[in-house]
Amino acid sequence: GLILLFYLVFYGFLAALFTFTMWVMLQTLSSDIPKYRDRISSPGLMISPKPDTALEFYFNRSDSQSYAEYVATLQNFLESYNDSKQSQNIDCTRGKIFDQNDAAVKKACRFNLSELGQCSGKEDTNFGYSKGTPCVLVKMNRVIGLKPEGEPHIQCTPKEEGMVQINYFPPDGAMDLMYFPYYGKSLHAHYLQPLVAVQLAITPNGTKEEIAIECKILGSPNLKNQDDRDKFLGRIAFKVQMIE
Amino acid sequence: EHKMSIEEVCRKYNTDCVQGLTHSKAQEILARDGPNALTPPPTTPEWVKFCRQLFGGFSILLWIGAILCFLAYGIQAGTEDEPSNDNLYLGIVLAAVVIITGCFSYYQEAKSSKIMESFKNMVPQQALVIREGEKMQVNAEEVVVGDLVEVKGGDRVPADLRIISAHGCKVDNSSLTGESEPQTRSPDCTHDNPLETRNITFFSTNCVEGTARGVVIATGDRTVMGRIATLASGLEVGKTPIAVEIEHFIQLITGVAVFLGISFFILSLILGYTWLEAVIFLIGIIVANVPEGLLATVTVCLTLTAKRMARKNCLVKNLEAVETLGSTSTICSDKTGTLTQNRMTVAHMWFDNQIHEADTTEDQSGGFGVFWMIPVGILGCKSQILGLFPQRDVAGDASESALLKCIELSSGSVKVMRERNKKVAEIPFNSTNKYQLSIHETEDPNDNRYLLVMKGAPERILDRCSTILLQGKEQPLDEEMKEAFQNAYLELGGLGERVLGESVGDFGEFGGILGEFWGVWERIWAADNLCFVGLMSMIDPPRAAVPDAVGKCRSAGIKVIMVTGDHPITAKAIAKGVGIISEGNETVEDIAARLNIPVSQVNPRDAKACVIHGTDLKDMSSEQIDEILQNHTEIVFARTSPQQKLIIVEGCQRQVGDTPKSALGPQNCPWDPRNLHPADMILLDDNFASIVTGVGEGRLIFDNLKKSIAYTLTSNIPEITPFLLFIMANIPLPLGTITILCIDLGTDMVPAISLAYEAAESDIMKRQPRNPRSDKLVNERLISMAYGQIGMIQALGGFFAYFVILAENGFLPSCLVGIRLRWDDRTINDLEDSYGQQWVRLGRPQKWGSSKKWGSRKMGIPKNGENKILIFGLFEETALAAFLSYCPGMDVALRMYPLK
């Protein structure tokens with residue numbers, strides 16, 4: 001009886017202490033930016049849509065069911081890029097870092113869906129999957145305060161030549177500097193990260209084959225893309241297999 | 001052989017009944033037959049011992065974990081293109097851990113058993129053999145068939161002997177036949193069965209009293225005992241309390257580990273994890289639950305204590321016996337040598353109806369000699385002869401050496417006297433007769449009468465006397481003198497001194513022919529009408545440290561029982577002197593005397609102390625003995641024979657069995673070096689104070705082991721809770737399996753071992769002895785303390801650190817719950833934190849093992865800051881933890897990152 005009471009009081013006290021220290025700790029944190037950002041100095045690359053299991057696309061261009069999920073994911077993802085959603089966003093000066101350190105309310109730059117060309121989903125609601133030219137969006141992870149140097153652009157290379165023709169939207173896969181830096185979720189509410197659409201025009205040679213593609217971010221000295229251990233820092237590898 | 005005559009036996013073994021073997025012959029036979037020792041029971045081969053270390057206890061659990069790891073890796077390798085090597089590494093590490101701890105424990109055990117071996121050789125059995133007519137002490141192992149061997153009371157029989165002559169020899173065959181009653185031995189064949197006949201004594205039995213001489217007829221394994229021992233060598237040895245405790249503990253932990261492992265295995269399957277993941281959880285839980293370093297820690301702790309005890313003259317044969325002494329609740333101690341100095345000194349003399357005092361100090365030559373020599377020169381002369389014992393110098397029997405010492409100081413050389421009064425015959429002292437008698441030639445070579453001298457228990461001597469020597473003249477022993485004698489006897493005895501009566505008698509003429517003399521043996525037994533010379537009283541002064549030690553025992557709740565062959569009054573006086581009967585406590589007799597009522601009217605329960613006479617003990621049933629042991633706290637057994645000592649010890653042991661409520665522990669009766677053959681512990685200096693030291697050490701190691709185990713166990717909760725939360729709340733795994741191993745084996749080991757150096761708490765010798773049945777090494781209190789309190793604090797500390805680090809890097813606690821699947825998914829490389837940043841997988845803060853450690857360490861600092869080794873241990877731990885966290889490359893190997 002007494003021992004039970006003791007443990008009750010003891011654990012009550014411990015829980016209170018834990019909660020209190022956690023609360024104090026959370027008070028010391030800013031809600032705008034995390035305390036330490038050195039573990040995430042260089043961003044990774046990621047693609048959309050992301051197949052469920054691994055980074056491998058399998059679809060039958062004549063069977064709409066086989067790629068319905070990819071299309072849905074893309075449509076979903078691009079929803080926030082609709083013009084209607086970007087009404088507050090401003091048109092920024094291209095090719096320049098959009099520094100707004102002093103501004104209390106950070107503005108977001110408009111990313112026009114039309115820049116994605118054939119992969120914007122406006123012209124082809126199937127994003128080319130039915131035509132054998134599937135689109136994959138490549139994006140760079142958001143990192144607070146990151147200011148890329150030079151002229152960053154995405155470049156994708158298939159492992160074997162002759163199986164696929166790659167087109168970039170915007171041209172050359174460029175990522176405009178005006179979208180950087182990012183100021184964090186709470187300050188930079190309507191921020192949209194720049195996207196690069198990669199259209200994979202699969203040649204008859206490449207049909208039924210598994211095509212390995214690696215995309216990298218190039219042209220910016222402060223964005224790593226060759227880390228030995230981390231295969232996703234500044235690059236991403238995925239596979240596509242299309243049957244008819 | 002027992003049916004042959006002595007001569008035939010001698011002829012058979014090519015030996016001489018008087019001269020014994022020649023040295024060369026003995027060497028020859030020794031070379032032929034090998035040493036006289038039992039071949040030790042087949043020891044477990046080394047590799048079996050090694051395997052036992054490798055597969056016993058927790059090791060088997062870890063092996064299962066390792067095998068599961070390899071299986072998981074194999075399956076992953078077979079099904080995935082890019083299997084993570086985690087499971088392979090973990091399996092290798094687990095196997096390495098098991099092998100390394102196994103090797104370590106094996107090495108420790110081998111080392112300690114080697115020490116024990118050397119201890120064994122330090123106390124060799126000696127035997128007195130006659131070779132080429134010379135008596136010599138040799139190691140019992142060198143005794144060969146045909147040797148002439150002499151044994152005396154208290155010796156262990158070195159081989160199977162055919163008795164050729166015996167004086168009141170009795171042997172205790174209990175080790176062979178189980179019969180505790182000592183049996184007489186004589187040269188005559190009394191039975192066809194060699195086991196029953198009286199003229200054979202057996203190897204490794206004890207000679208209780210008297211002396212005997214015999215021819216060795218078998219040695220080593222060919223002895224009767226040897227044959228039996230070979231049959232019975234497969235016998236199991238009982239386990240020491242600490243071994244039982246540790247086994248109990250292992251079972252407990254294993255049970256918990258398996259139970260938790262299996263239930264979480266099932267739970268995780270129900271929660272929808274793949275069975276491969278579930279197996280990995282299972283491994284993690286087992287690893288977290290098993291204190292891998294604990295067994296090694298325990299071994300090291302015990303070894304350290306055994307070494308420390310050896311330095312204090314307490315040799316420990318079996319490591320685990322270290323603790324046994326600590327749980328002692330009753331000590332049955334022999335008086336002589338253990339409580340006292342075993343250096344008899346003549347203290348008083350009574351002659352001419354007067355008590356004379358002799359200094360017990362060294363400086364007793366002056367005044368003493370004067371009144372010793374002049375008024376009763378004759379007494380000096382006679383008693384000197386009385387003190388004669390062939391083959392025994394002053395280092396012999398304690399009381400005789402006291403006499404001799406005294407005489408040497410007063411009347412010059414003993415040797416000269418011995419030569420002048422040659423001894424013709426003697427009846428050695430034994431505890432049945434309680435006197436010693438010898439017959440000597442007189443000084444005058446023309447006088448062919450013989451002088452009979454006798455000494456021993458005064459009442460026995462007085463029975464045989466009809467006259468008394470007063471002022472150098474023989475006077476009839478009348479009632480008045482008898483009363484004077486009684487008063488002096490009681491007075492001297494009341495001082496705790498051993499009183500010897502002395503008398504001389506004219507034994508008449510024998511015509512000097514020895515053969516005839518043997519014929520009149522009967523007359524010697526019946527000798528009376530002697531002249532009483534006087535009383536001599538000797539004291540064996542208590543050892544200086546004993547009263548203190550007894551006091552310590554008393555405050556430690558240990559009952560000290562004194563067992564002695566002395567007179568009750570003597571025994572009581574010594575017992576009072578050393579505090580076995582404490583001041584103010586009365587015996588039944590004391591109460592009777594104080595209240596002036598007969599002894600029978602006193603309620604025995606009123607008396608805390610009691611003195612029990614050997615003759616009373618003989619008539620008591622075991623129930624009565626039990627009652628005495630139960631109702632009296634201070635007990636002295638007086639006038640006990642060696643076999644009664646055993647009865648008493650058995651009684652004590654029964655107490656433990658019958659009255660668990662009185663918190664008695666197992667017995668240790670370390671009284672006699674020669675009885676220690678089967679004991680686990682040897683007291684080198686036969687000093688009671690050493691026993692107390694041993695008890696203190698034993699208790700200390702129990703306490704310290706408790707601390708070590710508690711310390712080790714506390715890290716279990718912080719190790720297991722991350723897993724539980726990982727599975728239940730889907731947070732990222734805070735502490736990996738390999739990191740757990742690092743904590744258990746790397747950082748936790750040294751502080752745990754250093755706890756063995758903890759100094760004793762001040763009340764260690766004031767507590768009651770532990771009850772082996774209810775006071776477990778690992779009890780609910782310890783578990784609840786280690787798990788429920790300290791463990792929880794550490795776990796919370798660890799979690800706090802974990803949450804702080806994740807939050808400071810961007811993952812607030814609120815977003816962590818349920819994140820696990822996406823966190824661990826290798827294809828998700830844009831995991832979003834609370835600030836909208838997106839993380840690639842490897843960059844995510846993973847397994848903040850070090851944080852856990854730092855958190856737990858802060859709690860680990862004990863209140864006792866005086867232990868230097870512990871402080872060193874904590875430094876070592878901190879340094880190691882820092883190394884593991886900050887050393888470059890460790891983040892790859894262990895996925896640990898430093899704290900800011």
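Positions of Cβ are set from backbone N, Cα and C atoms, glycine also.
Keep in mind that what you see is a predicted model, and the values were worked out from it rather than measured.
Some features that TrEMBL has for this protein:
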type     : residues  : note
DOMAIN   : B:1-74    : domain 'Cation-transporting P-type ATPase N-terminal'
TRANSMEM : B:54-76   : transmembrane segment
TRANSMEM : B:88-107  : transmembrane segment
TRANSMEM : B:249-273 : transmembrane segment
TRANSMEM : B:279-302 : transmembrane segment
TRANSMEM : B:782-805 : transmembrane segment
Given the model, what does the mean pLDDT over the domain 'Cation-transporting P-type ATPase N-terminal' (B:1-74) come out as?
75
Residues of the parent chain within Cβ reach of the transmembrane segment (B:54-76), under 8 Å, 6 or more residues beyond its termini:
83-85, 87-88, 90-92, 94-95, 97-99, 101-102, 106, 250, 253-254, 257-258, 276, 279-280, 282-283, 286-287, 290-292, 294-295
Which residues of the same chain, at least 6 past either end of the transmembrane segment (B:88-107), have a Cβ under 8 Å from a Cβ in it?
49-50, 53-54, 59, 62-63, 65-67, 69-70, 73, 283, 287, 292-293, 295-296, 299, 737-738, 741, 745
Tally of residues which DSSP labels helix, strand or coil - the domain 'Cation-transporting P-type ATPase N-terminal' (B:1-74):
45 helix, 1 strand, 28 coil
